[in-house]
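**Student:** My structure is below; once you've seen it, I'll send some questions.
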Amino acid sequence: MSDDGDEEASDASEDYYMSDDEDVSQGDSDAVGNDAGEAGVDAEDDDDDGYGNAMSGVEFHVVPRALFQCFSAAEVVAKQTEAVARVVAVLQITTDDAAQLLRAFKWNVNTVHDEWFSNEEGVRAAVGLLPVDVMADASESEHAVTCGVCFDDFSASGTNHVGCHHSFCGDCWKGYLENAVSEGPSVLHLRCPADKCSARVTDALARRFMSPEAAEKLSMFQRRSWVDDNPAVKWCTGVGCENGVLCERAGEGAVDVHCPCGTSFCWSCQEDAHRPVDCETVRKWLVKNSAESENMNWILANTKPCPECKRPIEKNMGCMHMTCSQCKYQFCWMCQGKWSDHGERTGGYYACNRYDTVKEGAGFSEEEKRRALAKHSLERYTHYYERWAAHGSSQVKAVEDLREMTESKLQKLGDLQNTPVSQLKFVTEAMAQIAECRRVLKWTYGFGFYNLEDDSVKKRFFEFIQADAEVTLERLTETVETELAEYFHDEIDSAKFGDFRGKLAGLTAVTCKYFNTLVKELEEGLPGVGNDEDIEAEDGAAAQQVVTGASG
């Protein structure tokens with residue numbers, strides 16, 4: 001079905017992708033160790049990329065791996081119209097039928113043409129288009145028929161069926177169509193309600209019997225189908241955003257995109273942007289953060305069951321003498337034996353040598369081992385989660401600071417320092433860099449939690465470059481938060497302001513190159529760092545060489 005006059009179309013470019021004359025900005029940032037130096041952000045204009053309006057004109061420095069293009073709602077409709085027109089011109093069919101073919105073949109114009117000319121009859125049958133030799137009764141002359149649903153007699157014409165001559169009364173059509181609309185976009189592939197009839201319900205018939213509200217909903221499904229049914233395009237995940245994002249390298253893993261609305265997200269999994277971590281690791285990490293299993297780990301690590309009633313008890317201070325608040329049983333927290341058996345000979349109120357003795361001997365129970373393991377696991381998870389969350393909060397603050405700078409502070413800075421706003425881009429670039437690097441650092445903790453635990457060499461190297469990256473970013477952040485502030489109070493000598501410009505731009509470039517390298521190396525699994533087995537093999541070979549030389 002197609003909207004009245006709003007023909008649906010697609011850009012296949014010449015299938016799904018953008019055509020050669022469409023502009024996709026090609027970034028020129030040059031990362032250390034990154035030969036590709038890819039960057040690609042195409043928003044609606046050059047002044048609307050990155051984190052949206054708050055980052056207008058700001059170039060992103062952590063380089064995306066794939067080209068992408070954002071389309072506004074109006075541009076999405078234009079793409080639909082263009083694709084439908086191309087199919088109509090070649091196949092000489094109606095715009096309604098052309099839109100249905102495009103939906104069936106995922107908005108790939110070339111596939112529609114290939115399939116149609118190789119097996120037109122089969123395509124018609126699969127999509128629900130009537131064969132050429134079956135002509136709909138277009139006569140408006142009414143005649144009495146029986147409705148195939150309610151079995152009431154009514155006066156029908158050719159407008160009561162979709163060309164298959166299965167006529168139904170207006171009330172039954174209305175109920176059938178509006179129920180289908182309420183179930184979602186599947187209404188776009190609706191067939192005749194007659195048993196075993198595969199004729200599709202045309203747009204014209206649907207709109208004849210639908211209420212205005214249902215017809216508007218149908219139009220919405222039609223407008224959205226270019227994105228919903230197109231594997232190369234997805235909707236922006238931003239709240240209230242109706243932009244579609246086309247990715248040139250769909251299906252190649254994590255691809256971070258930045259919509260003009262200000263939302264940064266992964267095109268592949270639709271979570272927040274998360275390079276250098278892969279989508280599966282992100283999924284596991286987010287599930288772990290919200291899983292009830294973490295509550296159980298906390299209980300195991302921080303409580304013990306009462307030896308009498310088995311209720312979990314938390315001890316956060318005080319001596320080893322515990323009294324259960326439920327059953328009043330008194331016991332030792334360390335060894336969980338009766339308190340009446342304890343005293344000075346067992347270590348007093350704040351220690352229990354029985355526990356130490358048992359732990360050192362063969363009597364250390366499986367439950368205690370499990371509890372110790374759970375506590376270690378929880379402490380490790382807490383370490384990574386706290387830092388992941390802290391950098392996430394810092395990222396949010398950095399984006400807000402940048403928005404405030406762009407919307408209100410930048411003009412004030414320009415007025416005080418007698419500098420045009422166009423020449424203050426180095427400030428917004430630095431702040432955009434901080435926001436993006438906070439995001440990268442946040443996800444390095446997700447990476448560290450699931451990777452390298454069994455490779456101590458790579459783990460140590462990873463923790464070193466992670467710490468170094470934090471130091472590099474903090475140096476840039478401190479310059480923005482402290483040194484920049486003094487230029488908002490009084491006019492400063494232009495030479496001094498020029499020195500500050502050079503310093504900030506230099507720090508931004510250094511941070512850019514460092515984080516580009518960090519992202520690339522982590523995505524490739526730190527290929528230049530030997531693992532434990534490699535080092536052992538090298539040590540063995542060196543030892544063998546020493547032995548051979550000595551014997552010679």
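Quick reminder: no glycine exception, Cβ is built from N, Cα and C everywhere.
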**Student:** With TrEMBL as the source, identify the stretch among 289-312, 361-384, 385-408, 529-552 annotated region 'Disordered'.
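**Tutor:** Feature region 'Disordered' in TrEMBL: residues 529-552.
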**Student:** Restricting attention to the domain 'RING-type' (143-356), give the mean pLDDT.
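**Tutor:** Residues in the domain 'RING-type' (143-356) carry a mean pLDDT of 81 in this prediction.
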**Student:** Helix, strand, coil: count each for the residues of the domain 'RING-type' (147-196), based on DSSP.
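**Tutor:** Once the DSSP states are binned, the domain 'RING-type' (147-196) shows 21 helix, 5 strand, 24 coil.
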